[in-house]
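Down below is the structure, laid out as structure tokens.
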Amino acid sequence: MSEAEARPTNFIRQIIDEDLASGKHTTVHTRFPPEPNGYLHIGHAKSICLNFGIAQDYKGQCNLRFDDTNPVKEDIEYVESIKNDVEWLGFHWSGNVRYSSDYFDQLHAYAIELINKGLAYVDELTPEQIREYRGTLTQPGKNSPYRDRSVEENLALFEKMRTGGFEEGKACLRAKIDMASPFIVMRDPVLYRIKFAEHHQTGNKWCIYPMYDFTHCISDALEGITHSLCTLEFQDNRRLYDWVLDNITIPVHPRQYEFSRLNLEYTVMSKRKLNLLVTDKHVEGWDDPRMPTISGLRRRGYTAASIREFCKRIGVTKQDNTIEMASLESCIREDLNENAPRAMAVIDPVKLVIENYQGEGEMVTMPNHPNKPEMGSRQVPFSGEIWIDRADFREEANKQYKRLVLGKEVRLRNAYVIKAERVEKDAEGNITTIFCTYDADTLSKDPADGRKVKGVIHWVSAAHALPVEIRLYDRLFSVPNPGAADDFLSVINPESLVIKQGFAEPSLKDAVAGKAFQFEREGYFCLDSRHSTAEKPVFNRTVGLRDTWAKVGE
């Protein structure tokens, strides 16, 4: 299969293929232009994979440009976080990081050009009046009384705006297009507004800042972008994108193409709603493992490869749709099943004593991966007192229960066959200790007399156990579309985080943050980067061994 045949196909790539074949473009140049006012989420990952992936596949370039035109909401913290997320996902931008603020001088000059052409004017309507004059989807707007000012007056007033002669909200620069346009975005949109705020890149040089629609298209043109890719909500804005470039003196005119945004079940993508979750402390921060942010997914244990694979599978279309959470979980589950070393941890422990076991203990050999001998093996301590999971023992059970039952046998993973003889309980009737015997001739082999022992359970030697905190993360919301609820906070899943105190095999004391393990028979976990200590490691559940929500959706 050729390199071209191996590429994913979608309507954007078909457009690029046609542009290259016709000679319209000889190279491909894309960009990823986030606003640095929050943390990137899984929806941004789709755009990152699309823009950087196209540049990679067509041996072109992709710029990282920060759309930093609103200093009130932006911060250098977000700039650094976004750069880190892009690199973590496995992509590299072309040349230096770019900022829309790099072009503030040129943007100002282009605004003056529009004024000189009679295509922009300074308006002194209040923001509320501008909204009122704009009209509705069914009613045309009406002209501002300031719309027909002379070029000279507009130039003088725009300079007054630039030098701080107006208070915030008292004046703005608007394009002069058509207040009766069926597209509200074309009804004399605001191009510049006043903000007396220090900018993280330009300091206090400016007190007027360009709007997104004016900045975006000019920045694309100045950078030589060939294909400007954005989500469907900007479809109508393409008319303004083209209008600006058609009416200024600029040699390059990129084209904008829209694709559907990523909607994912059981979460929200709105920056406002995500911010509310953080500020109201429903989660512990933007990197909370339940958040759809890239930093949250990373802390939970998602790999960059699994997110890239997810973006590849969902594809690029023009139709909005909602992706099942199971699709994302299946990508990380497949990745970790293939690549994560195995380990044993008991999440809900109960003591098990092997009464006929002699000696202080021994080491048993365990493979790090059952299907990958190249991943090697490890030595795990075994002793006469172990921890097993409470769910792995019953005093009575039916034939479908393949774990330890009173009076019956089960195999301990990679160790011996044991038989439950009796139990000890506390005053409330809870089992505190299970007493067993073991068959000393069954270390990693079947009983000599040929009897069949079907069940296998995991365990941890009590004398060598590493105390661990286990954080069982689940979906943040209890309904597939929380954004549709009257109050999305009312459908937060109360069991989205369950904290357990358990025990793990001692090899896990060397675990590093972000490194994934399969806790045998439990799921995939990674060491938490925020709360773990040498004395008390904290492990986050990334995903279960199987989709436990499958029946919920049926």
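In case you wondered, yes, glycine gets a Cβ from its N, Cα and C as well.
Given the structure is predicted, the values throughout are model-derived calculations rather than measurements.
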Of 141-148, 197-204, 293-300, 317-324, the range Swiss-Prot tags as region 'Interaction with tRNA' is 317-324
In Swiss-Prot, which of the ranges 34-44, 364-374, 375-385 has the motif ''HIGH' region' annotation? 34-44
Ranges 238-242, 268-272, 498-502: which does Swiss-Prot label motif ''KMSKS' region'? 268-272
Long-range Cβ contacts under 8 Å made by the region 'Interaction with tRNA' (317-324), restricted to residues 6 or more beyond its ends, are 10-11, 232, 258-265, 480-481, 553
Close approaches to the motif ''KMSKS' region' (268-272) from elsewhere in its chain (Cβ under 8 angstroms; 6 or more beyond its ends): 37-38, 41-43, 261-262, 292, 477, 482-483, 488
Just going by other Cβ atoms within 10 Å, which of the binding-site residues H44, K46, D67, Y212, S270 has the emptiest spot? S270
Of the binding-site residues E35, H44, S270, the one whose Cα sits nearest to the Cα of D67 (L-glutamine binding site) is E35
Within 10 angstroms of the C-beta of T231 (ATP binding site), the count of other C-beta atoms across all shown chains comes to 15
Confidence summary (mean pLDDT) of the region 'Interaction with tRNA' (317-324): 90
Per DSSP, to which secondary structure element type does N37 (ATP binding site) belong, with helix, strand and coil as the options? coil
